[in-house]
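Read through the structure below, which is laid out as structure tokens, and then see the notes.
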Amino acid sequence: MSVKDEEKRTGSLHGADGAGAEKVFVDNASTVSNERFATTSAQHRTLESYHVNLIAIGGTIGTAIFVYIGAGLTAGGPLMLLLAYIYWASVIFMIAELQKEMVCLWPTDVAFARNASRYIDDAAGFAAGYNFWVSQVALAIFEIVAFGVVIGFWESTQQISAAVFISILLVAYIALNIWNTRFFGNAEFGFAIGKVLLITGLLFFTFVAMLGGNPLHDRFGFRYWKNPGMITTPYPDHPSGVGKFEGYLACLTNAAFTMAGPDYLSMVAGEARNPRRTMHRAFNSTIYRLIIFFIGTVLAVGVLCPYNDPGLLSAQKASAPGGARSPYVIAMNRMMIPVLPHIVNGLILTSVFSAGNAYIFTSSRGLAQMARDGQAPKFFARRNRHGVPSIAVGFCMLLCLLSYCQVSTSAQVVIKYLTNLVASSQLVNWILLAFTWIRFNAAHNAQGISRDSLPVRSHFLPFGAWYALISSIFVLLMQGYYVFLSGAWDVSAFLFAYMMPMLFIALYLGWKILKRTRFYRASEVDILSFKYDAEFTEHIEYDQDRSKVGLLVHRALSTLF
């Protein structure tokens, strides 16, 4: 498909049709305008479409999907786990759809936070930016701590201090994030391909093993769905119906922590080449990632392991290291498969490394963009000669020194608290994303502007936005319910489950009072007043700069990813 054809397909605002669309927006533009919303040409757009897609994979596939998913299985059983992941996948898909409309209209760094500033209130964007930044730093620390846990699968490494592995990771992350963004993108490209191959291989292994292709020649199929069964509960002494619902909630919380994606795509929109076409394709592929990587994995785990598997339960109780808690590794050991568990643990290790690397990238870019928007100290926005916000990278790495807490505290305690913190932060983010689109749509309606004039129009909206909003609020309120059960009160668990919503409200009110911001009425929201930079059309020249071999490789990778 030619560039011109692609522009027509995505409704670019630069063509003949686009000029009319831009005029409609500008003629109806209202009173709220802010120059800082203009996209700057200083951004280094070096990421190809396959970089963006695989960065999204790298940021969403880490320790949780390979190891901690087993906690959901033992809490609710295979059916509840599958239903919870299907439900939450539908929520994430709706989030991706509403993000697609807004990000393709305005492809900039940290698009979701800047959109909140534009369509809701500047204080909402401020709180959203810091909420996301805190969650990304926490996730980076989570993966660094998890790296030490996963590598502990091999007994020879258990005698080495966790501080050694933490130090190695910190140095590696600095090296990967301080150079040109394309260097980071190529590194993540390789790691993400490894993750795709790992998940594909594990799904294939599950299919072969369940049909009898294992050393025991045991054709077990869906045996574990019948015995011990499809459903269990984390509280056997509770009434049957209540206990099953509690099991489902535990699985839903597990899914809310494990599944992400649209926010990572919006983070890199400001550094993507040909951003509208690139981001359109990336958001469209979200549904395939959700089905294959998450729902497929959950189904495989439920087939391989019963929820009462002695190996799985004992590994969780003893906080066994790394792959020893993975349902895949436990199933391989039960089927007496040699060597393969070590290979899987090694590949899980690279996945953990890659996820942490992606979180350093997103956290530093988020901090740099907030600095450019006047919401953080200006020096965080400074870029080195490679176009990388090096001071922001350095500050995020400085915060990652908190991972050394693992040396004096149980890694499992640190991971438990970080899991709750990140899950609540992600839920706050989903709530804000959905509400931002609702305000975005209200502004169009109030100003008589059809969404048909947008560069990209999504499906299932506005229903999808309300569906995502209500679902996210429900899970946020329920994720820490267990602390209110009789005899289960835990101050730390309560704070880490509900601290981020409270922090968001405090940040919102604090910035609102300090800067005297106001909630924009739909009729006055500035829908499209920023100037279009030449970078939006630079893609016309990109292919001319490539060699014939480079062009063939680029087109092949863009087709595959």
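From the backbone N, Cα and C atoms, a Cβ is placed for every residue, glycine too.
Features reported for this protein in TrEMBL:
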type     : residues : note
DOMAIN   : 51-519   : domain 'Amino acid permease/ SLC12A'
TRANSMEM : 50-71    : transmembrane segment
TRANSMEM : 77-96    : transmembrane segment
TRANSMEM : 132-154  : transmembrane segment
TRANSMEM : 160-179  : transmembrane segment
TRANSMEM : 191-212  : transmembrane segment
TRANSMEM : 247-265  : transmembrane segment
TRANSMEM : 286-304  : transmembrane segment
TRANSMEM : 342-362  : transmembrane segment
TRANSMEM : 391-415  : transmembrane segment
TRANSMEM : 421-440  : transmembrane segment
TRANSMEM : 460-485  : transmembrane segment
TRANSMEM : 491-511  : transmembrane segment
Stretch in 77-96, 132-154, 160-179, 342-362 most in contact with the transmembrane segment (286-304), if contact is a CB pair under 8 A: 77-96
Contact yes or no, the transmembrane segment (342-362) and the transmembrane segment (132-154), 3+ Cβ pairs under 8 Å, gap 6+: yes
Among the ranges 132-154, 160-179, 421-440, 460-485, the one whose Cβ pairs under 8 Å to the transmembrane segment (77-96) are most numerous: 460-485
Winner by Cβ pairs under 8 Å against the transmembrane segment (491-511), considering only 132-154, 160-179, 191-212, 421-440, 460-485: 421-440
Stretch-averaged pLDDT - the domain 'Amino acid permease/ SLC12A' (51-519): 84
